[in-house]
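Just below is one structure, and these are the notes that go with it.
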């Protein structure tokens, strides 16, 4: 009995020492918590005793000192390592996603870097604010200066320098804007709209010239139509005037016919005399001089009669004078002028024909 008691006391002392050692080692405590709880078999293996009562007394210490508890400690450390790796991977993924733009700045070439920065900024290179509602360029067609400014904001200075030809590479932006403004002022709004729509400049010029030509042709046609209408209206107005003149001024036509007959007789008389005596040149000269004088007098008389300035002859009927009295201080009408011109032409033609007939036998 005394031997059993002494062995029990020794075991209790050992278990107390092991518990104190477990409390003294802080790194091993989380391993115990990570393993959940110690197994009774591990405690039995650590104590070297096969009895269950011994394991029940020192369940915590057995779990720490046993072989099984040692395996659980190693398993807990591996789990912690896995969790640390997961945390590192999540931290690295978040850091990669957060520093993607910074890494892209160093990895992309210069041109792609500019495009990347332009996409991730609210202000473009030329100063165009993307937060403001955009409007088409044709919206500013009434204000060409503002339209030019919007175009330069869209393009940007660096892009413009790349797009410029070699002739304008050395020009400043202000000078290029001034040149563009001068060229823009020369263009019409219609042509600017066609250029913005993508039409070729030559095609638009040809279309404008065709439009101008068609307008000119239409204007000429309208003028011709108006002239035709005016002439037709004049003719229609002249026809009743001619009838009135024929009806009301029968004495004028009679006088003209009488004068014409007298003129013809005057021309025929000297012609016959000249034909009868061709050998006498003096008579022919005198007859020609008298013919010219008679012609002038006859023309003056006919003009006065047509214009209504000559005195009415006593032989004219009174009814005619009553119906159409000779107007005084009245401008000649177009019909009267036409009649005068026709009579003078007819007499001139007759005179030329007679003169030709006189020269032939001579």
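Positions of Cβ are set from backbone N, Cα and C atoms, glycine also.
Quick look at what Swiss-Prot annotates:
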- 282-312: coiled coil (COILED)
- 1-14: compositional bias 'Basic residues' (COMPBIAS)
- 19-32: compositional bias 'Low complexity' (COMPBIAS)
- 33-44: compositional bias 'Gly residues' (COMPBIAS)
- 65-74: compositional bias 'Gly residues' (COMPBIAS)
- 235-251: compositional bias 'Basic and acidic residues' (COMPBIAS)
- 273-282: compositional bias 'Low complexity' (COMPBIAS)
- 105: SUMO2 cross-link (CROSSLNK)
- 89: phosphoserine (MOD_RES)
- 90: phosphothreonine (MOD_RES)
- 121: phosphoserine (MOD_RES)
- 204: phosphoserine (MOD_RES)
- 313: phosphoserine (MOD_RES)
- 1-44: region 'Disordered' (REGION)
- 65-101: region 'Disordered' (REGION)
- 226-251: region 'Disordered' (REGION)
- 269-291: region 'Disordered' (REGION)
- 309-332: region 'Disordered' (REGION)
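If you draw a 10 Å sphere around the CB of residue 89 (phosphoserine), it holds 10 other CB atoms from the protein chains shown. When secondary structure is read from DSSP and collapsed to three states, residue 89 (phosphoserine) falls in the helix class.
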